Structures are given as structure tokens and as C-alpha cells.
Amino acid sequence: SYFSTMFLPGSLYHNPNLWLRNQVKGSGRIPLMRKICYAVGGVQHQITSAAIGISLQIFLLDVVQMKASSVSLILFLSRFWDAVTDPLVGYLVTRSTWTPIGKLTPWLVVSTPFGILSYVLLWFVPADSMSEAACVWWFLTAACLFETLMSCYNVPYVSLSMSLGGHRRDRDSATACSKRNRSHSQARVSEPLGSKHELLMRYTFWCLLSLQQKAFLTSARVTGGLFLLSSLVLFLGVREQRHGSVQHGADERTRPSYLISLKMLMCHAPYQRLVLGFVFSVLAFQMSLGNFALFCSHAAGLGAHFQLLLLVLLISASVAVPLWQFVLLKIGKKSTVFIGLSLFIPAVITVACVPSSLPVFLTMCVLMGFSVATVFLLPWSMLPDVIDDFALRHPSCKDLEPLFFSGYAFCSKLAGGLSVGLSTMILQVVGYKAGACNHGDEVVTALVVLFSPAPVTLLLIGMGIFHTYPVNERNSSELKQQKYEAF
């Protein structure tokens with residue numbers, strides 16, 4: 001890619017033939033150990049994102065005993081804040097100067113300890129004497145602080161993939177390794193919610209709350225330890241490569257401003273369609289999987305098997321990532337997106353029609369896991385292609401990788417926050433009551449709609465947008481070859 005070849009010996013800025021030759025032929029391979037260390041470095045963000053996405057809603061509803069409207073407010077505002085901070089952090093990262101340990105690495109080092117502390121505070125239940133309003137402010141502040149610190153970690157982390165070296169296929173392999181690691185990490189952090197009704201039969205309600213509070217806090221501490229360990233592996237195992245703008249001294253006065261850079265990104269047609277397609281896809285997956293625990297417990301009557309169902313889904317996603325990596329190398333990324341996303345539709349429709357059959361549910365979880373893997377892998381594999389396309393069309397604009405990644409993260413997180421907020425608000429309207437073992441038909445119907453028909457509709461819209469996505473591997477190579485021949 002344009003950015004990953006800049007660290008090669010020789011003045012590539014003053015030798016466009018050499019630069020384009022490297023673009024067409026590739027720039028070497030990434031060592032396996034560097035790929036592994038890079039993949040391990042993404043564990044903390046994926047673990048915490050999975051825990052918050054799967055467990056925070058039910059934690060606030062059933063453990064903290066907050067009103068559904070308050071939970072909806074916390075989840076939506078924290079996700080919105082998280083989305084807003086991503087492009088701002090991306091711009092600050094692009095303006096960072098090179099240090100002895102790199103340009104991106106200092107962001108990773110500084111954000112790690114504060115991110116661990118804020119994550120533990122997010123699962124700490126304040127004193128029972130606190131009012132509802134005080135609890136809302138506590139969890140909203142903790143969530144926004146954590147999301148800000150994770151933006152300071154994740155934006156440089158995903159941008160680091162462009163500074164690993166290697167050609168595009170090798171870079172895609174490193175991305176696949178990272179996303180497969182993500183699926184494993186999510187499978188390890190699922191909370192033991194499936195046994196809730198069994199515990200209610202043995203203990204008093206308040207005793208159960210105390211046990212759950214300790215379980216969530218203990219899980220947060222363990223996650224914090226994994227956070228620290230994976231950050232150390234990343235820092236010690238991956239050395240950030242210098243690219244051309246750093247090596248040869250980019251002129252700050254020639255760089256476009258933040259608003260101009262953002263406008264150029266938003267006006268780039270491949271980026272527009274890639275982001276919009278995945279936004280609708282993420283909205284669909286978040287709406288369905290965000291209500292997975294509640295659907296299992298109250299609509300399917302399989303709450304005791306929730307942990308098994310979730311484990312099957314996530315293990316399937318983990319196994320599917322290298323499979324999709326092989327498929328996309330054979331048929332291309334755009335075709336792989338269509339195949340992978342389409343598997344989700346019959347799976348959730350079948351579960352909605354036959355919700356109480358455990359064998360059917362388990363089988364469909366395997367299919368859902370294969371589909372979820374495409375959302376793990378493909379956005380981060382296709383974004384570098386869009387960056388390459390943008391760099392070839394706008395050669396004067398350099399070091400904008402963090403803005404590309406953070407812009408996608410902004411839209412994706414905003415879609416996720418909208419999904420969670422709408423889901424919780426709908427449950428509030430139909431009469432969902434925190435801590436109740438049984439709910440009326442209105443709640444069950446709402447959960448079925450949120451799990452299947454609504455996500456299917458959103459996913460079809462996303463696939464329609466993907467149909468207009470113009471970048472593929474062949475066109476990208478042809479464009480680079482044409483540029484090379486022009487020089």
C-alpha cells in the first residue's frame with residue numbers, strides 16, 4: 001500500500017517510479033511473530049466491547065435495578081460520545097509528531113492504565129443510598145470516560161496496521177489474525193446470565209443481586225489484567241515502521257485542515273458506500289445480538305442455555321474468520337461480503353419461527369456465527385483498499401489513515417448506540433420490568449421483532465448499498481498499473 005511502503009530505503013517521494021513499482025509488486029512479507037503480537041494487542045478492546053455490548057444493558061437493568069428509560073439514556077449517550085471522540089482522536093493522532101517509540105505507540109502506552117481503571121469503575125455499583133439520578137450520572141460518566149480512553153487506544157491501534165510493512169495480501173492476513181483473536185476474546189467474557197432463574201429459585205432476590213455484583217466486578221478485574229498483558233505484548237512485539245512523511249519531513253503548512261480532510265474523506269465515493277453499507281449491517285447485527293440474552297430468556301424460554309448458545313455463536317465466528325480470509329482471496333472481498341451477510345437472514349428467521357427448539361437454535365447459532373465473522377473481518381480488510389485508492393487519487397494528502405479508521409468507527413459506533421437506545425426504549429414502551437421472571441405478550445413480540453424482522457430489513461438495505469461499492473482488488477491493481485505507466 002501507499003503508506004506501508006514509505007519506510008523502505010530510498011527517497012520514494014522523489015522517485016515515483018519506484019513507489020508505483022512497489023505498489024504493483026508488493027513490499028515484502030510481515031513476520032509471523034509481528035502478526036501475532038499485533039493480533040494480541042487488539043484483545044483488550046474486543047473483550048471490553050463484547051462485555052459492554054452483551055452484558056451492560058442487563059447489568060444495569062437487573063443488577064443495578066435502574067429504569068429502562070435511564071438505561072437507554074446511558075447506553076445511547078455513551079455510545080454517541082464514543083462515536084464523536086473517534087474522529088477527534090483520529091485528527092489528533094494525524095497531527096502527532098514522531099517520538100523515539102513511534103507516532104502511534106505513545107497513545108497506546110498512555111491510554112492503557114487509565115483505560116483499565118475506568119473499565120473497573122464501570123462495573124462498580126455505588127452505594128444503595130444513591131438516588132436514581134446520581135446512579136445515572138455515575139454510570140454515564142464512567143462509560144464516557146472509558147469510551148474516550150478506548151478511542152485513544154483503538155484509533156492508533158487499527159491505524160498501526162498500515163505501518164506493519166508487507167504487501168496488501170500480507171496485511172489482510174494480519175487483519176484476519178487480529179479479528180480471529182477478537183472472536184476468541186469475546187467467547188471468554190460472556191457472563192453467566194443463563195443460570196439467573198435457577199439462582200432465583202434457591203436464594204432470595206437480594207442475595208442474588210449481591211452475588212451478581214461481585215461476579216461482574218471480579219470479571220472486570222480479570223479483564224483489566226488481560227488488558228494490561230495484551231498491551232505489553234503489543235508494545236514489546238510490534239515496532240512501528242516509519243513511512244515517508246515521517247522519514248522525509250512532511251510540511252505541516254501543506255496539510256489540509258481537519259474539516260477539509262474530513263470533507264475529502266466523506267466525498268470519496270468508495271469510502272461513502274463502504275461505511276454506509278457496514279453501518280446498516282452493524283445496526284442489524286447490534287439490534288439482533290444486543291437483545292440475544294433477553295430473547296433467549298423471555299421469548300425462547302432458553303435462558304438456562306444462554307451461555308451455551310452464545311459460546312457456540314462466538315466459536316463459530318472465530319472458526320469462520322480464517323475461512324472467510326481464504327474465500328476473499330479466491331473470489332474477492334465484495335463477493336465475500338454478500339455471501340457472509342446473507343447467511344444471517346435465514347438463521348434469525350428460523351430461530352424466530354422455532355424459538356424454543358434447542359437443537360434448531362444451536363444449529364442456527366453456527367450459521368449466525370459464520371455471518372458475524374464477516375463483520376469482524378471485512379470492514380477492516382476493505383478499509384486499507386479504500387485508503388490506497390484515495391492515496392492514488394490524492395497523492396498530496398498524506399497521513400490520513402487514522403481519520404479513515406476513526407471515521408468508520410464513528411459511524412459504526414453511532415449505529416450501535418442507536419440500536420441499543422431504540423431497543424431499550426421499545427422495551428420500556430411495551431412494559432418491560434427489570435428483575436421480572438415473566439413478561440407479557442407485548443414484551444415477547446417486541447423481542448421477536450428486535451431479534452429478526454427489523455435486523456433482516458436493515459441488513460438488506462446494507463447489502464443493497466454494497467452492490468454499488470466500486471473498489472475491488474482487480475480495479476485497484478489496474479489503477480496502480482496505469483499510474484505507473486503514466487510516470
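Here the Cβ of each residue, glycine as well, is placed from N, Cα and C on the backbone.
What TrEMBL says about a protein is an automatic prediction, not a curated fact.
Marked as region 'Disordered' by TrEMBL: 171-190.
Listed as Cβ neighbours of the transmembrane segment (105-125) (distance under 8 Å, sequence separation of 6 or more from its ends, same chain) are residues 41, 44, 48, 52, 56, 59, 63-64, 93, 96, 99, 139, 142-143, 145-146, 149-150, 152-153, 155-157, 160, 213, 216-217, 219-221, 223-224, 227-228, 231, 234-235, 240. Per TrEMBL, the feature transmembrane segment maps to 105-125 (among others).
Annotated transmembrane segment per TrEMBL: 137-160 (among others), in sequence order.
Taken from TrEMBL, the feature transmembrane segment applies to 215-238 (among others). With a cut-off of 8 Å between Cβ atoms, the residues of this chain six or more beyond the transmembrane segment (215-238) that come close are 33-34, 36-38, 40-44, 47-48, 51, 55, 59, 63, 105, 108-109, 112-113, 115-117, 119-120, 122-125, 157, 160, 164, 185, 189, 191-192.
Beyond the transmembrane segment (274-296), the same-chain residues lying 6 or more positions past its ends with a Cβ under 8 Å from any Cβ of the stretch are 53-55, 57-58, 193-194, 302-303, 305-306, 309-310, 337, 341, 344, 348, 355, 372, 375, 378-379, 382-383, 386, 407-408, 411-412, 414-416, 418-420, 422-423, 427, 447-448, 450-452, 454-459, 461-463, 465-466, 469, 471. Taken from TrEMBL, the feature transmembrane segment applies to 274-296 (among others).
Sequence annotations record features per position, and here TrEMBL assigns transmembrane segment to 308-329 (among others).
Summarising the annotation, TrEMBL assigns transmembrane segment to 335-354 (among others).
The transmembrane segment feature in TrEMBL is assigned to 361-383 (among others). Remote same-chain residues near the transmembrane segment (361-383) are listed as 158, 161, 172, 175-176, 178-180, 182-183, 274, 278, 281-282, 285, 289, 300, 302, 305, 308-310, 312-321, 323-325, 328, 333, 336-337, 340-344, 346-348, 350-351, 354-355, 404-405, 408, 412, 471 (criterion: CB distance under 8 Å, separation of at least six residues from the stretch ends).
Under the heading transmembrane segment, TrEMBL lists 403-431 (among others).
Per TrEMBL, transmembrane segment is recorded for 443-466 (among others).
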Stretch in 137-160, 308-329, 443-466 most in contact with the transmembrane segment (335-354), if contact is a CB pair under 8 A: 443-466
Tertiary contacts of the transmembrane segment (137-160), as residues 6+ beyond its ends and Cβ separation under 8 Å: 38, 41-42, 44-45, 48-49, 52, 56, 60, 64, 66, 73-74, 77-79, 81-82, 85-86, 89-90, 93, 104-105, 107-108, 110-112, 114-115, 118-119, 121-122, 124, 126, 130, 234, 238, 240, 380, 401-402, 405-406, 409
